[in-house]
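S.K.: Sharing the features that TrEMBL gives for it:
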- 12-32: transmembrane segment (TRANSMEM)
- 62-79: transmembrane segment (TRANSMEM)
- 147-168: transmembrane segment (TRANSMEM)
- 272-291: transmembrane segment (TRANSMEM)
- 297-315: transmembrane segment (TRANSMEM)
- 407-428: transmembrane segment (TRANSMEM)
Amino acid sequence: MGEAEESNSLEYTPTWVVATVCFVIVLISLLAERGLHKLGKWLTRHHQDALFEALQKLKEELMLLGFISLLLTVSQRAISRICVPPSLTNSMLPCKRSDDESSHNAKYSAPSIIHSPGRLLSADNAVNNCARRGKVPLVSLEALHHLHIFIFVLAVVHVIFCVTTMFLGGARIRQWKNWEDSIRNSSTSEKDKKHEHHHISLFIRKHEKGYWRKSAVVSWTIAFFKQFFGSITKSDYIALRKGFITTHCSHLPNFDFHKYMIRTLEIDFKRVVTISWYLWLFIVLFLLLNLEGWHTYFWLAFLPVILLLLIGAKLEHIITRLGHGVAEKKIDAIAIEEARAANAIEEARVQPSDEHFWLERPAIILDLIQFILFQNSFEMAFFFWIWSTYGFHSCIMERLGYIVPRLIMGVFVQVLCSYSTLPLYALVSQMGTKIRKGMFREEVHTMLEGWAGSAKHKMDKLGLESSQTVQEEMSVNDDSVITNIEFSATN
């Protein structure tokens, strides 16, 4: 026993082995760190401030995962020496324990491609120490080692899924740029105005055909299926754009609505990559309920699918309600198309309002999207972790009939949410009562925050109720000065 222990010690390991392992680990870590640093400099150089902040958030999450892994490494020996009664370790198992321990190991402990097949001597010492007291270790060193692997796999999959989300979402929104350019680059001739009014009238006409389309059941059914194909048409985009500009920045008829949406998408992405506290609580709850025979991993895969389809239908239904709101004004679509007077055209626009959203809070949908994307990445990370650590035929992996549907739903959720739902939210969320933060570029927003802070400080000295006053003065709807600042910043 003593000779084996000495041979496994770092004191009796060849120095070339130690130096080689350290060199490889340090090299990989430096390459990853330099790559993220170069990416951050590239984003800063191209004035992608929101994406740079999202990258910083992602680095914070990776640092947190690394700290958790380091904490497990430092405390694993102390944790393995905690002894508990055997009855506590024989309940709530993810795999059914066999009466014969050896047969159990042969059946469920499939050869791992990561950990060593030999048992660690320190683990044997922990078992013997607890056995002398009639107890068993709370958790083995091997199980703690597998947790290290899970944290690493979760970090890698989370990064890959975040990059995929931003790439697909950005690609989808960039497809709308041609629609924006066709409106902003058009002249002020009657022919060009008629072209824009034609699409607005199409939007109104589509939502006023027949009373049956205004039925809640029918409208929700149409909204549900529309999210899969043609979720946003050119008429939808132009009508929503017209309603936003007329309501929030009427002083800027040539406002770059598409660039504004790109900025809001980048801000939303910063929120999506963040692993909030309730998401960590979800992980703990999932690990707690992953019991043998419950098939928790299979049933949980339906949760993001159901939420995603519900959110997509809700966003499409908001567009439908906006169209119904315009149609209910009983304005003849043909007369609108032929109208020339500006005041007649002003009536044919959507009216943004928070009342169309759940609890009159558009941000709730973004919170649900954040949960969906994280839960999906966690589920895929859990699959790859089980596969690499315990093998494809592990009892935790379950049967093939449970595996294939989970993988299909995971890919479906990632593609649909990234390419359709998130861009759809970036557009429909602009139909709220308030203007989102992406209205201004980062430097303009910082300047306005500084102005508001100094104004609040001065009003506090005067004993005035400054909060309400500052908020009123910060309103963009009636402040031509701020809209002029935006005009100079975006052009």
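Keep in mind that glycine also has a Cβ here, set from the backbone N, Cα and C atoms.
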S.K.: Counting only residues 6 or more past its boundaries, what in the same chain has a CB within less than 8 Å of a CB in the transmembrane segment (62-79)?
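M.R.: For the transmembrane segment (62-79), the nonlocal Cβ contacts are 122, 138-139, 141, 144-145, 147-148, 151-152, 154-155, 159, 275.
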S.K.: Under 8 Å, at least three CB pairs between the transmembrane segment (147-168) and the transmembrane segment (12-32) (pairs 6 or more apart)?
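M.R.: No, these stretches are not in contact.
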S.K.: Quick test of the contact rule: Cβ under 8 Å, at least six residues beyond the ends. What residues does that give for the transmembrane segment (272-291)?
M.R.: 54, 57-58, 61, 64, 92-94, 158, 162, 165, 297, 300, 366, 369-371, 373-375, 378, 396, 422
S.K.: Mind checking which residues of the chain, 6+ beyond the ends of the transmembrane segment (297-315), have their Cβ under 8 Å from one of its Cβ atoms?
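M.R.: Here the qualifying positions are 220, 223-224, 227, 231, 286, 290, 358, 365, 368-369, 371-372, 375-376, 379, 382, 396, 398, 402, 405-406, 409-410, 412-413, 416-417, 420-421, 424-425, 428.
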